[in-house]
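Feature annotations, courtesy of TrEMBL:
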ACT_SITE  A:Thr193  active site, nucleophile
BINDING   A:Thr156, A:Lys182, A:Thr193, A:Glu280, A:Asn403, A:Ser408  substrate binding site
2 protein chains.
Amino acid sequence: MTERSPLAPSAFPDLPPIPGVTVRVACARYKNWDRCDLTYVELAEGTAVAGVTTQSKCPSPEVEWCRDAIPLGSARALVVNAGNANAFTGHRGRAAVEAIAARVANHLACNPSDIFISSTGVIGVPLPIDKAEAGLESAFAAPACGWEDAALTIGTTDTYPKGAHVSAMVSGRRVELVGIVKGSGMIAPDMATMLGYVFTNAAVEPALLQQMLSAANRQTFSCITVDSDTSTSDTVLAFATGKAGNVPLASMDDAGADAFQAALTDLCRQLAHLVVRDGEGASKFIEITVEGAESDASAHRIALSIANSPLVKTAIAGEDANWGRVVMAVGKAGEPADRDRLSIRFGATQVATGGLAVEGYDEAPVAAHLKGQDIRIGVDLGLGNGRATVWTCDLTHGYISINADYRS
Amino acid sequence: MTERSPLAPSAFPDLPPIPGVTVRVACARYKNWDRCDLTYVELAEGTAVAGVTTQSKCPSPEVEWCRDAIPLGSARALVVNAGNANAFTGHRGRAAVEAIAARVANHLACNPSDIFISSTGVIGVPLPIDKAEAGLESAFAAPACGWEDAALTIGTTDTYPKGAHVSAMVSGRRVELVGIVKGSGMIAPDMATMLGYVFTNAAVEPALLQQMLSAANRQTFSCITVDSDTSTSDTVLAFATGKAGNVPLASMDDAGADAFQAALTDLCRQLAHLVVRDGEGASKFIEITVEGAESDASAHRIALSIANSPLVKTAIAGEDANWGRVVMAVGKAGEPADRDRLSIRFGATQVATGGLAVEGYDEAPVAAHLKGQDIRIGVDLGLGNGRATVWTCDLTHGYISINADYRS
């Protein structure tokens, strides 16, 4: 990993083991490097699964595999390859996915469709089957490891491992949810995580788990953007082993379902923020809230237009209270907006209202806010009740340095 | 002006005077700088006008003024202010526009609606009326100047003045078309020029001139992008003085109309390319052609998705043949695409076809192509006959440097 992001948390959190989940890592050497790059997670029989994947029209074969397997609802293992995305590799890429599924299914004596697979890294190079198979053999024989090792092993250009933990009370039982995630570039909505995995010991029926994960995703991973680029491999999977012994949740009307949904959304938001905080080259974490739009969807699109604007992102990098660029980004979103009703805040300071700079505008508190690491931009369109919040980071020399020579 | 773009032409071209057009410049000192920043162009009586403006929902009062005046079809003067965009300045910004129009109309004894006005620069600061009026007085008294002075005076972050010239034969008369343009950032389609002006001595009825300019714009200015950001002030105006003495063009069926349209489109393409070649921080000029799409419109959207992708643009900056990022950008466009029919070219070299890298792909000619300044990316979707070409530049440290401290 390269130099740790200045926005990284001080340490990887203490995450509890999840009963029914065993994590192992191995070195498949997908790239010429000296680190583990294959993560193998064994899941107890009866584990339910749900997932959301990239909206890309050119997804990887791993994404296609997961899309086919998710509706079947059951999982026994997860394999994550780092260093090679295996995307745009035609039938050879597909063959690698099938070989991995077959090998693990044979090891666990289960159906190949119970095996979930992700790969992340360079596009266009078929995943070498021999390396994958050798890596799996060594993972099968490896001792179980902790979450931090797994979070490190799924990473690529990440500068720190990312994990989070929440708990909830479901029918009198405390259930735990742990998540790990990777991603720092090629991050944009329509599944913005690159790769994220949630593990819980709660018992949840697959259909409900899917409904809950989709709902959580809409408010979290789909609200982050680093560079407006959408990966071919973005995947978030949730696994519920049922070992907590709660009465299985089957409907949102069940006792504890609301609490579980809230905990899952909270976990996904924490994980999504960790991705933004590792945005390539990021020096500022930016929260953009748009209110007063004609609808929530309209507010979301305007917020993303601001979050994806290179001129807004470079202004924040330069700690420049250039709110004119926010006006520009509102204007280009193509959504209903009325220049003369628009208000803009930086931090707690109103800088413009009713279509012009506030009378006697004092830039000092705004300049002070922009010197911090956590920046808040607020826009009120003054049209309706639509509201949305998205998160992004600034655009710096670091992004250029990382991406102008990533592959070589 | 800062250091000249490496993609700039070696010199400003020789542009002929256009009968009926007189150019003067003055120093209004809209910023604390030592350069001319007010351009005043006097147009002969009977000059026809056409225009296209930004699609931004938050346009400047200058854009609103021009939108109202263009349909009236006649022009006597153009005033361009550089250093202050006068956008998002409420009634005070509007008052400045009205004051300028009134002062010039009084000077020329014409209607205020015959006066066309643009302003470019920082957003959110009302244009100071006293400076504008003093600048106009000094422009009225200034000697006539050449096109290069005008091209320099309308510039802001431009690193070189931009102009071009074409001619056409219309009903046995040779007519001249001269254009000047400014822009290097906040450049994206839905009017991508920032500010561009075309002057011709041809006689063209306003309605036809509008039709021709709109058609030229769709194939030129609307096909360029530097940073996906759309200005609040983008404007292209065409002025036809009629001094060439040709039979006035009134319909596309008139003799010479095709020739004039072709010349106008050619001129606009040259001007559009000059803007991209001055893209903030640009070190490479990139032409992206998408063919085999379901429609031309679909091809255009996919081409722009590639052109606006920070990861594609940084890869080109790094001279990295990372065609996987092109696949990613095709996938995220949301347009019909089939991974397994997709082909990609860099320069003249096919790098991927039918969904995977070409057999025995040799990166050497691609690497050689990427070391040049003019980069060509070709995508064939293999679905239909839709086709589009767009132009952009790479994304470099220069862009960050320019935009992280533009205003201060």
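Note: Cβ is positioned from N, Cα and C throughout, glycine not excepted.
Under 8 angstroms separates the C-beta of A:Asn403 from a C-beta of chain B, among the binding-site residues A:Thr156, A:Lys182, A:Asn403. Ranking the binding-site residues A:Thr156, A:Asn403 by the number of CB atoms within 10 A of their own CB puts A:Asn403 at the top. A:Lys182 (substrate binding site): 29 other CB atoms within 10 A of its CB, across all protein chains. A:Glu280 (substrate binding site): 29 other CB atoms within 10 A of its CB, across all protein chains. In the three-state DSSP reading, A:Lys182 (substrate binding site) counts as strand.
Secondary structure at A:Glu280 (substrate binding site), taken from DSSP and collapsed to helix, strand or coil, is coil.
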